[in-house]
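As given in TrEMBL:
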ACT_SITE  12  active site, thioimide intermediate
ACT_SITE  19  active site, proton donor
BINDING   34, 35, 36, 53, 54  substrate binding site
């Protein structure tokens with residue numbers, strides 16, 4: 001399964017300014033599926049949350065892994081530049097199952113992402 005959130009927003013914990021990312025969440029379900037509206041509301045809760053890019057991406061991955069107990073999960077956080085440097089952060093629970101096709105996340109290297 002794949003969910004994308006191209007307009008993910010959080011707050012810089014230092015400046016309080018908004019940070020923007022394109023999140024791609026891929027997972028192979030175990031016994032549980034995430035409901036898309038619940039996921040959307042969870043991701044929107046970061047809108048007023050002050051945290052660094054790495055912490056946001058990894059905490060989303062850890063929380064989803066804890067709640068869903070998937071066979072495999074990967075979160076790619078493609079953050080728009082802050083100070084001229086785009087930051088890409090990844091969380092993954094292990095190797096993807098060999099019998100599952102997992103496409104490239106499809107977010108190009110930074111050149112005015114959109």
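All residue numbers here begin at 1 and follow the chain in the order shown.
Quick reminder: no glycine exception, Cβ is built from N, Cα and C everywhere.
Here the features listed in TrEMBL are placed on the structure.
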residue	record	Cβ within 10 Å
12	active site, thioimide intermediate	14
19	active site, proton donor	22
34	substrate binding site	17
35	substrate binding site	9
36	substrate binding site	10
53	substrate binding site	20
54	substrate binding site	14
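In sequence order, 19, 53 are the recorded positions from 19, 34, 35, 36, 53, 54 with a C-alpha within 10 Å of the C-alpha of residue 12 (active site, thioimide intermediate). Rounded to the nearest whole angstrom, the C-alpha distance between residue 19 (active site, proton donor) and residue 53 (substrate binding site) is 8.
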